[in-house]
Amino acid sequence: MPVARPEASDARVIAHVDMDCFYVQVEQRKQPELRGLPSAVVQYNEWQGGGLIAVSYEARKCGVKRSMRGDEAKAACPQIQLVQVPVARGKADLNLYRSAGSEVVSILAKSGKCERASIDEVYLDLTDAAESMLADAPPESLELIDEEVLKSHILGMNREDGDDFKESVRNWICREDADRRDKLLSCGIIIVAELRKQVLKETEFTCSAGIAHNKMLAKLASGMNKPAQQTVVPYAAVQELLSSLPIKKMKQLGGKLGTSLQTDLGVDTVGDLLQFSETKLQEHYGVNTGTWLWNIARGISGEEVQGRLLPKSHGSGKTFPGPRALKSLSTVQHWLNQLSEELSERLGSDLEQNKRIASTLTLHASAFRSKDSDSHKKFPSKSCPMRYGVTKIQEDAFNLFQAALREYMGSFGIKPQGNKLETWRITGLSVSASKIVDIPSGTSSIMRYFQSQPTVPSRSADGCVQGNVAMTASASEGCSEQRSTETQAAMPEVDTGVTYTLPNFENQDKDIDLVSEKDVVSCPSNEATDVSTQSESNKGTQTKKIGRKMNNSKEKNRGMPSIVDIFKNYNATPPSKQETQEDSTVSSASKRAKLSSSSHNSQVNQEVEESRETDWGYKTDEIDQSVFDELPVEIQRELRSFLRTNKQFNTGKSKGDGSTSSIAHYFPPLNR
């Protein structure tokens, strides 16, 4: 939903820099022989030659359009050179283009606040740079103006008959009677032209730009004169730009809102909105949206340049059109594994290079039912807390898909059964990681994010579970079907400052394009138990004991820890009888000392504190597996998997002293 923001009172200078057919330029730099030839970059897709994602200007002159497929492009322009996007994991690999885009951003960011909007476009706030230039070297004082500056297109610029275009631009820029707004724009024209020249020199890429007083107008202007040119929108020319602009061309009006304006109010251009009062628009679309519509009709936008060089999210997706649509859960899982692997690599790179970690994993998909024209309902998106590591992301992505599938098919009154999707087809899959935050300073090693460290999630003041939470999605049963609190990115000594909540899949926003705050909600669960570990050495053999104590704090932990967390980080070898007797003797002696003497407070208090925990050990062979049947299915699977692992690990490592310690008391008795 659009958000109405008041425009800054002071004049701003905002530029939108857009690379010219960027993918083609990247390939031309790699293969210089393609320069000057009609060429295009095609997606990885064998069907009809693949879809075009970038078309050179030479190919456009031959009638080739980006909406075409490779075979169509060759029919329209037989001499066209088609270059396929690099492939990895059976899908397009865009890392080459991302890296090239980063080269451009590193150059543009030197001029002021910079916001990377996509692989090939950037917003710049040049207000400070323009004000400095206006104070030190105003345009009217310049004797020489660069040729690139004089090529600028200035909307609303008056030209006398017979005047040279470049001379008219010079006169507009150097006006002494211009108001402050226009003088700042003149400085912006000079700054942007120099930046574009620098980008061309260092990267061999051309770019176009729009220069205006806000992001909205700059974005509209950047595409008006391509390639390798820049367009300026002075304040006086705003209405000229917007009066004839189709309503669907305006950002955020290309969907349902724009359609509603056309059908309900008869609005075809942005200028048509001027006939409606702010109150009238608010009556139709609410206070916030109504005010936003009233503002954009007048070229008003207070949206700030965010000063962000790094992406807000990472994603990986693939479409399966026509006969390539997925027909079984196994093929869906295969492709989710591929997408998750790519996403994991990008997250790991971001973590290593930028010290950032993502908080939320989201799955999007599209589906339809063959021979059913009424089946094109939106496939619900699902989100859960982010866990790092390829296997974990793959597992969570598939669980999210299954939850979404149950909800989607449930809307038709159908329950999914078996591996086959029957008449259903999946035509698109994507996984994304969002809500990315910086890692707090003082973190000893980022590799901790890839290590499983079982910690009990704590609860913040607002009741949210803190820490990365592993979970298995359920559509109909909500969070209670399967739950785990294995923390995958825990750093005990550092608070990451990120709060996560377990998702409730029954109350999720189904907007595929956004991960909203309501996508992830808190799930009630049982009180957690704090498990502490002690270790000591005896007769050259290191053993570990498990201490179990209740937390007396007023703030109780939430979340149901996996039962395997209690066992998996401890040595399964029980303490010897001698050790147990020695511990018991020390415990009793320390208690008696506490009651009989106060002269040794320091030593005795320490011993009493140690004796408050009841020590116990266990031996995996003594666990009665018949009691497993009384446990939830999820815990049964975890325990059996754990015991198999420990049995292999401990083979041949018995002490041979016959000492045993039972854990049977941990389980309720089995009624036979």
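Backbone N, Cα and C atoms are what each Cβ position is placed from, and that goes for glycine too.
Keep in mind it's a predicted model, so treat the numbers as computed, not measured.
According to Swiss-Prot, the features are:
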BINDING   Asp18, Asp120, Glu121  Mn(2+) 2 binding site
BINDING   Asp18, Met19, Asp120  Mg(2+) 1 binding site
BINDING   Asp18, Asp120, Glu121  Mg(2+) 2 binding site
ACT_SITE  Glu121  active site, proton acceptor
REGION    318-325  region 'DNA-binding'
REGION    362-383  region 'DNA-binding'
COMPBIAS  523-544  compositional bias 'Polar residues'
COMPBIAS  570-586  compositional bias 'Polar residues'
COMPBIAS  587-602  compositional bias 'Low complexity'
COMPBIAS  651-662  compositional bias 'Low complexity'
| field | For the region 'DNA-binding' (318-325), distant same-chain residues with Cβ under 8 A (at least six beyond the ends) | value | 47, 90-91, 335, 338-339, 366, 368, 425-430
| query | Given the binding-site residues Asp18, Met19, Asp120, Glu121, which one is most crowded in terms of C-beta atoms within 10 angstroms? | reply | Met19
| task | Report the mean pLDDT of the predicted model across the region 'DNA-binding' (318-325), rounded to a whole number. | result | 87
| query | Reduced to three states, what secondary structure does DSSP give Asp120 (Mn(2+) 2 binding site)? | reply | coil
| query | Which numbers of helix, strand and coil residues does DSSP report for the region 'DNA-binding' (318-325)? | reply | 3 helix, 2 strand, 3 coil
| How big is the gap, in Å, between the Cα of Met19 (Mg(2+) 1 binding site) and that of Asp120 (Mn(2+) 2 binding site), rounded to a whole number? | 5
| query | For Mg(2+) 2, what surrounds Asp18, Asp120, Glu121 with a Cβ no more than 8 Å from their Cβ centroid? | reply | His16, Val17, Met19, Phe22, Ala117, Ser118, Ile119, Val122, Cys207, Ser222
| remark: The correct three-state DSSP answer for Asp18 (Mn(2+) 2 binding site) is strand
